[in-house]
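The coiled coil annotation in TrEMBL covers 453-480. Residues or ranges marked as domain 'Glycosyl transferase 48' by TrEMBL: 380-472, 501-1039. The transmembrane segment feature in TrEMBL is assigned to 32-49, 69-90, 102-120, 146-167, 797-817, 961-983, 1067-1087, 1108-1126, 1171-1190.
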Amino acid sequence: ILEQFSDGWWKSKINFVEVRTYWQVYRSFDRMWVFFIMALQAMIIVAWTQSGSTSANYEVVLRRVLSIFITYAILSFFRAILDVILSIHAWRNSDLTQPLRYLLKLVVAAIWAVVLPVGYSTSVKNPTGPLKFLNHWARDSHNQSLYNYILVLYMIPDLLAIMLFLLPRLREKMELSDWPVINIVMWWAQILPLIRPTKVIMKIQVENYRLHKFVPNVKHNMGVIIAIWSPIILVRKLSSTSVYFMDVQLWYTIFSTLLGGVLGAFRHLGEIRTIGMVHSRFESISSKFRSCFVPPHSDEVTETLSTSKEPNENEYFRCMWNEFISSMRMEDLISNRLEHLLPRDFILDRELLLLPSPLTNKPGDQLLPLTFKESRTDVPLNSEARRRITFFVNSLFMNMASAPKVSNMRSFSVLTPHYNEEVVYSDEELNKENEDGVSTLFYLKTIYPDEWTNFEERMKDKLEEEKKEERRKWVSYRGQTLSRSGQDDDDQLAEDCIRKQKLPDLKFTYIISCQIYGNLKRSKDPRQKDILNLMIMYPSLRVAYIDEVDEALKEKTAGETEKVYYSVLIKGDTINNSEREIYRIRLPGSPTKIGEGKPENQNHAIIFTRGEALQTIDMNQDNYFEEAFKMRNVLEEFSHSHGAQKPTILGLREHVFTGSVSSLAWFMSNQEFSFVTIGQRFLASPLRVRFHYGHPDIFDRIFHITRGGISKASKTINLSEDIFAGFNSTLRLGSVTHHDYMQVGKGRDVGMNQISLFEAKVANGNGEQTLTRDVHRLGCHFDFFRMLSFYCTTVGFYFNSLVTVLIVYVFLYGRLYMVMTGLEREILEDPQIKNNNALEAALVTQSVIQMGMLLVLPMLMEIGLEKGFRTALGDFFIMQLQLSSVFFTFQLGTKAHYFGKTILHGGSKYRATGRGFVVRHSKFADNYRLYSRSHFVKALELGLLLVIYEVYGESYRNSSLYFFITFSMWFLVGSWLFAPFIFNPSGFEWQKTVNDWTDWKWWMGIRGGVGIQPEKSWESWWDEEQEHLRYTSIRGRVLEILLALRFFVYQYGIVYHLDIAHHSRSLLVYGLSWCAVLVILIVPKIVSVRRLQMFHMDLQLPLRMLKGLFFLILLAVMIILFKICGLTLSDLFASILAFMPTGWAFILVGQACRPCLHKLLWEPIKEVARAYDFMMGLLLFTPIAFLSWLPAVNEFQTRILFNQAFSRGLHISMILAGKKDGGASFN
């Protein structure tokens, strides 16, 4: 393939080139940023008036407000420049009209950027400053109406756009028109409280400036103004009275929560929440079932009723309900007793009194199992069985399309990609114990005790070999395995039991795209046998895989072979218990080597799908028996118009079945539950910006297979391949809907490291999305409100996460500047400023967002809607007790780090998170490798800023808002440092802590080299951490160096506050501090080199003498500094705070400049970096070791991390192991 491309087949990109820069966020959503900036300017102008009201001098204020259009023109000019810079690499492959269009836009924007300011200068009386200069260009003319005329002319294209927005039919006609004239036309409140303190600050004269002034003539305290306003402007984006840069996410969450809840209520969600409600409305369920699932004049129902001994309209429902109960018994959700108690005949009160018992033949004896201790509203006891029954019954009362006859329903296929995941757990995996003696089987028996009891009851009369196989299935059906997905998706055929027809095979196809099945077969992997067993068990199941074959070359020398790739479709042969090949299609090459693995795995198998619809089911998803009855209804939604057009993607809700594994799994379950229900519902209607998020959505197969497929597979840029199917559909005038009446099960990551890797993968994917042409085109072509919704629900959410973290940095560095310069004491202690809390109140939003409150609101609404608000509040309270805010704050750092790193440097890759049960302890070294640069370093930096501010700061110490803001920042620091250890199983168990320290020291000391894995050596890991700097651009390296310069600020600020400086403002003080830094860095290096030389020459005595000499010199210098120069102990501690960041800055700059320093200073930089990592590890490990020494902490952590049943089971296992050991030693 590559040879063909090199011969001239390759064609570079046209019209759009993905450039790795943060300006892509502005370019794709420029209208939103223009709106924010113009509104902010207008509010500042109004608030800056003497009374803060336009009524003071209406004409003057209005004239000033009209200057926002000058800002609009300048921003449009800036956008035109960005278009030229970011698309210039595509011009060589475009025709002449493409670059000409960009250049004409640039020229026109430049003209307006000049004409509008000049026209405005003529409308101002007695202009000053820049306006006077512009008015001089206009020959000192004065004409107030000229600017108005220019403004009207400038706004004509925008007024036309508004008219077309209000007349969508006309807009669609014009957009689809080929008429040249039309083509030419279509080408074209809380500010007020902050103003008063700002004015006061600008008038204050500061005399006692504590640092050396590099720019001595700066007026109006502009540094303080910038330090105060920067975090405030970043915080706010949209509120009721003001427009800043982050509140938009908060208001979107509030609005989506309220409106999403209202929409859910109108769709009858939560009408039936308990088994008691099922009993009370059971008589109407039969008619609802008939209206939803039985088509009118159905021949099959007529035949059923005519052959029935007791013909009545409920016969069809009776058969389905009893099969539903039997399926739950086969899944061990209910016991044998409940299987006979729950069928439809035994639920209605009136029938219970009439039906005789099969044992006594007396009416009413069937009520005996329901004793006074066991209310019928508590049957069944299993929470999963209750949930499935209540949801199914509740869905019958929702707005559901009527089901057609089976012969008339749309045919469809289900496609599941599979790579290396488990198919069925082996006996060895079931019984393999971790360090605590806890096996996967023991773990699941403890988590699901009632289901294990039901399983043993079902296996009572089985042979031992059959029990062994069923035990494997029982465990596998509770994990995220292929057997679970395959079993449950073949429930789509369940209706065959009722209809007794041969149609399912004509209407339904299930394909597993097992990309490495050929390799599994060649290597005789046990998973190949398990997949074959699935095909034999389910004859309708098909498996597609990529077969790699060595074939002899025809044209060349005999004996030479080449790799040939085939896409193969097979099925199970039930007669010979083997596989049978159906199709074999030769491919031009290996698809997985060109694109991303999962989308290419889907793309090669999509040709084998059949029918009009295609459902994508991931490996961690499943289906339920009762939900299979709704497939006909869901597929009918393709025939109904939802708004202006018929849907091309049908969205379905999910239920996360891994929520009971641990507290982390519960947090993720609740977060995902709100996202796939109220979140997706609101995105689909009224926002109309729902796409495809890897959920069990159903595609219009014909629409998508002729328009690019269901996923894009370009390397790296399409890391989040699923969402591009929704982008693709929307860009091609498709429509995406969401339907709450059908659900599909889904497994989520259950361990801290698993969840973090998943969040990192999603953040990387969103970072790559930001650069794509799809996001750019959607952002440019959506109307303003739809564009704003699109931004907030896709890349904007992650960009706002990054901004949330940046706000903390901007706030603390701004306060560091004011504290070090002494401006805080001089200005913020002024009586006019001291009691004004508006500057701090503006930052409360950041604290709320940071602690995960945005995720809680939709969660509370949806749980309250479906389970009751008392349950929702109880869950919220329990989540807080289990430290959910610590978890969400930690994941905020994960999103921000990986999103920002991806846009700046790239390097996104698929991160395998694993789908197993996490009951194993993660070592300290593992956690350090995973979170060191993303969380620990940043947390220590913020902690250092807070310490310096606490030591040197003087303002707002009595303010409750000040306490709340600083508390939230300390909370962020603590969460980023210790969350991985708090949520680590047995993280505070003493023996494991000791083992972790031994492993950590061993890892830090091992030298790296070729073939040494990062898990084995600190040096290998350190080199891997810098991998992104190897392929980043010059711009990325320069930005890394500029960001590293912030660490030099500490030294510059602190040295002037040392007692030894004697209040000097001279630049000499700063110069002497650099001499100290160089001595600290160079002397140890000289000693270590000299020590190594003497060690090899076996000169131990001179080496010790050299060490003693250096010690005496150091001691003499310290005595001189203390006695003569006035050095104090506080100066020593302050110097540590000053010089430690400087050393870290040298490391960062050295990493960015590695190509230049590799031969000269790389080894010293590496050793300094090793020392820093060792010190950071020691700082982290010290509190962990102390808490591990307290036995109660380990028990408390286990109680938080796992549910109560597993906590008991874990302790019992340890006690039993201890008894055995103790007994052996005693005997």
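Positions of Cβ are set from backbone N, Cα and C atoms, glycine also.
Take the transmembrane segment (32-49) and the stretches 69-90, 102-120, 961-983, 1108-1126: counting Cβ pairs under 8 Å, 69-90 has the most. Residue counts for the domain 'Glycosyl transferase 48' (380-472) under DSSP, split into helix (H, G, I), strand (E, B) and coil, are 48 helix, 9 strand, 36 coil. For the transmembrane segment (1171-1190), same-chain residues at least 6 beyond its ends with a Cβ under 8 Å from one of its own Cβ atoms are 924, 928, 932, 936-937, 940, 977-978, 981, 987-990, 992-993, 996-997, 1000, 1004, 1018, 1022, 1143-1144, 1147. Sequence-distant contacts of the transmembrane segment (69-90) (same chain, six or more residues past either end, CB-CB distance under 8 Å): 12-17, 19, 21, 23-24, 26-27, 30, 33-34, 37-38, 41, 98-99, 102-103, 105-106, 109-110, 112-113, 116-117, 120, 151, 154-155. With a cut-off of 8 Å between Cβ atoms, the residues of this chain six or more beyond the coiled coil (453-480) that come close are 329-336, 421-427, 430, 440-441, 444, 487, 619-620, 658, 747, 915-917. Computed over the domain 'Glycosyl transferase 48' (501-1039), the whole-number mean pLDDT of the model equals 85.
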